[in-house]
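Enquirer: Next up is a structure, given as structure tokens.
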């Protein structure tokens, strides 16, 4: 496949069947490999789309500074696009995210402002909103509330999946900004009657909850519960164990949040088997495992040890 | 076989500190009534006026029961039920 530039190569990712993890020939699991995007994550889609729409609206003009709260991937995608397009970028990121993410952001020239671990992404959002008030000339694309985030998936991810697998019955993705689920979910609901849209929400152990913000809960402005059919809450143990299973059984080296999505995909697949229905379940591989190597979850001798290494860290 | 119920820290005073207990029943409501027979006081923390309490999240095999049939959701042996307080900031 040929593209005129690196940015033009965003999207059109492979959809691969997982014969070993699929429960039967009637209930099949499919992985959409979003790690094959230019910076290695699904976030290239919304990042590029948000920048291009802001350029079209005239909100983003040459010389502008982009500001974004991010736990990593969106910042990395924005930083790469900003570098190529000549914008300065400032990312607000929780201090307890992996060293790899910091290096990747720095590599593409992003300036990083650390927000306190307490409150996780919620605190990063709050800090970024404060910075935006102090610097009215900075442009915050704001992935949590920017319709162009979901719009990217409505325009590209959803149509790609339906074209590759017209028999899709379930779509599963992680719940963060909610952009993937809202965008793909709306597209599929309009074009594939009866499709089920399934969210996989990260559930942290008590240690991380202790770090989290006890202020008001934060719901991304993009979130519309009516798009979802159901929602799974996936603990660190299951996320880690599924991430390792995906690697061991199918050879796919994915980030830990992908393990959570796979866990939910296997959950709906098991229900289809029990009900005697056939199913084609698609889940999103949001990124590869590279950025999480330092956690040790891939090389730990046992899943129990892998879970222990991740204890107390944010993984989605 | 029975249904395993994972108990959050905040409710372990009712289970002598146990992280998980076992119970039985055909629905969540029956399961919680069964738990009450051995862990007195726990049912009231989970159920209010015949419905799940607002700030309690219950997951059947990790699936949010509010998207299923709430407290009437059917359960069976071998299922896994997780109870969590609705932590502010942790719930979309």
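Yeah, the Cβs are placed from backbone N, Cα and C, and that goes for glycine too.
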Enquirer: Pick the one from A:12, A:37, A:73 that TrEMBL also lists for the pyridoxal 5'-phosphate site with A:176, A:177, A:178, A:179, A:180, A:257.
Expert: A:73
Enquirer: Which ones, out of the binding-site residues A:178, A:179, A:257, lie near enough to chain B that their C-beta is under 8 angstroms from one of its C-beta atoms?
Expert: A:178
Enquirer: Near the Cβ of residue A:73 (pyridoxal 5'-phosphate binding site), how many other Cβ atoms are there if near means within 10 Å?
Expert: 27
Enquirer: Mind giving me a neighbour count for residue A:177 (pyridoxal 5'-phosphate binding site)? Other Cβ atoms within 10 Å of its Cβ, every protein chain shown.
Expert: 25
Enquirer: Starting from the pyridoxal 5'-phosphate site formed by A:73, A:176, A:177, A:178, A:179, A:180, A:257, give every other residue of that chain whose CB sits within 8 Å of the mean position of their CB atoms, in sequence order.
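Expert: Going along the sequence, the neighbours come out as A:42, A:43, A:143, A:173, A:174, A:175, A:181, A:286.
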Enquirer: Please find which two of A:73, A:176, A:177, A:178, A:179, A:180, A:257 have the most distant C-alpha atoms, given that the record lists them as binding pyridoxal 5'-phosphate, and give only that distance in angstrom, rounded to a whole number.
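Expert: Looking at A:73, A:176, A:177, A:178, A:179, A:180, A:257 as a set, their Cα atoms extend up to 15 Å apart.
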Enquirer: Other than its own, how many Cβ atoms are within 10 Å of the Cβ belonging to residue A:257 (pyridoxal 5'-phosphate binding site)?
Expert: 28
